[in-house]
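Peer 1: Next up is a structure, given as structure tokens.
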Amino acid sequence: MYRALKPLLFQLSAETAHGAIHAVLRGVESASPARSALDRWYGVDDDRLRVRAFGNEFPNPVGVAAGFDKNAHVPQSLAALGFGHLEVGGVTAERQPGNPKPRMFRLPEDEAIINRMGFNNDGADAIGARLDANPLPDVPVGINIGKSKSTPLDEAADDYGYTYERVAEAGDYFVVNVSSPNTPGLRDLQHSDALREILTALVEAGASPLLVKFSPDLSREGIAAGVELAEELDLDGIIAVNTTTEREGLRHPKRVEEGGLSGAPLRERATSTVRFVAERTDLPVVGVGGVFTAADAYEKIRAGASVVQLYTGMVYRGPSIATEINRGLLALLERDGFDSVGDAVGADL
Ligand SMILES: Cc1cc2nc3c(=O)[nH]c(=O)nc-3n(C[C@H](O)[C@H](O)[C@H](O)COP(=O)(O)O)c2cc1C
């Protein structure tokens, strides 16, 4: 059905299409029979897909990446589409409009998106209250925390801390996002001293499980230092990766747009970062970037990812993407003689 719908959606601007999909999902969110029907249609229930990582039990390894449900409007609907977890946000302490539109661009020839949304979100007070008031799905729900645009970098720790306190009750895990390219200076926080201050503040506030999400544009030394810091502070995992500002190999004219690039062109870079991280730590790694198919997910799992996430893949492949990946993963596990996803994690290291 998505094959029929996609040309129509692709006539709309990327953000308008996203809004249309969200409107449908919001309808589903409040309609329990619709959610049950989707769940029956899209769910792939198989013990071999179950993963335990950073204190959570994932029914399958395919999650929704941060940015898709920034305001926590549709967590149950996403779970009903067969996803094994989802990450709400980025949430910032302050409510923010984000950058002026247009700020999200599809590059169909490249199967990519460039976005410079700039953390548009309802803010920690509203999102925390929404999460507390509404039922959540029975798959893990992570909360991705970003920095408010107006907060100076040297006050970032308090800003992240404020948001954490507002979403603390609802999250099954928490992510410090210092890797979005669309908030000026944010990625500078990946350097050790600033990152140490933010992570320490959250650890002291009781944020657990706590993960940190890195940019693929950070140098290898920078990532290695981040991994060491995560170990030293006893964090629970690492997410690799966020969008990139690189533009190599793109064909579509929109490649000149400013912002973070996601999708197929990010795939290899993301996988090599997953491998780089997994080679350096026993902390669980969440692999994200260019996951469209079971083979893509499997590659990241074999490179060391315990679970994977996707955003751009859903735009290009549609709502059955989690189902297709999970079914495909079962076939790949069987082909290679693995009893479960867990057995395949890091098989290529
Ligand atoms: C429109 C859009 C908004 C995003 N917003 C966030 C965000 O708020 N926080 C974050 O950590 N990542 C955000 N991301 C990055 C994704 O979570 C993911 O790391 C990246 O898109 C790579 O995965 P993909 O190739 O499957 O899209 C966003 C991505 C897109 C396309």
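Cβ atoms here come from the backbone N, Cα and C positions, even for glycine.
TrEMBL does not curate its annotations; it predicts them automatically.
Okay, so TrEMBL annotates it like this:
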- Ser180: active site, nucleophile (ACT_SITE)
- Ala66, Gly67, Phe68, Asp69, Lys70, Gly90, Asn144, Asn177, Lys213, Val241, Gly263, Gly290, Tyr311, Thr312: FMN binding site (BINDING)
- Lys70, Asn115, Arg116, Met117, Gly118, Phe119, Asn177, Asn182, Asn242, Thr243: substrate binding site (BINDING)
- 49-333: domain 'Dihydroorotate dehydrogenase catalytic' (DOMAIN)
Peer 1: Going by DSSP, is Tyr311 (FMN binding site) sitting in a helix, a strand, or coil?
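Peer 2: The residue in question, Tyr311 (FMN binding site), is coil (DSSP, three-state).
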Peer 1: If the criterion is a C-beta within less than 6 angstroms of any ligand 1 atom, which of the binding-site residues Phe68, Arg116, Gly118, Asn177, Lys213, Gly263 pass it? List them in sequence order.
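Peer 2: So the answer is Asn177, Lys213, Gly263.
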Peer 1: Using all protein chains in view, find how many other C-beta atoms are within 10 Å of the C-beta of Lys70 (FMN binding site).
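Peer 2: Result for Lys70 (FMN binding site): 22 neighbouring Cβ atoms inside 10 Å.
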Peer 1: Just name the most isolated of the binding-site residues Arg116, Lys213, going by other Cβ atoms within 10 Å of its Cβ.
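Peer 2: Per-residue Cβ counts within 10 Å for the binding-site residues Arg116, Lys213 bottom out at Arg116.
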Peer 1: Same chain, not part of Lys70, Asn115, Arg116, Met117, Gly118, Phe119, Asn177, Asn182, Asn242, Thr243: whose C-beta falls within 8 angstroms of the C-beta centre of the substrate site? Give them in sequence order.
Peer 2: Gly67, Gly90, Gly98, Gly146, Ser180, Pro181, Thr183, Gly259, Gly260
Peer 1: For Lys213 (FMN binding site), just give me the three-state DSSP call.
Peer 2: strand
Peer 1: Here's one to test understanding: among the recorded positions Phe68, Asn144, Ser180, Lys213, whose C-alpha is closest in space to the C-alpha of Arg116 (substrate binding site)?
Peer 2: Ser180
Peer 1: When you rank Phe68, Lys70, Ser180, Gly263, Tyr311 by Cα distance to Gly118 (substrate binding site), which of the recorded positions ends up on top as the closest?
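Peer 2: Nearest listed residue in space: Ser180.
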Peer 1: Go through Gly118, Gly263, the listed binding-site residues, and name the one with the sparsest Cβ surroundings, counting other Cβ atoms within 10 Å.
Peer 2: Gly118
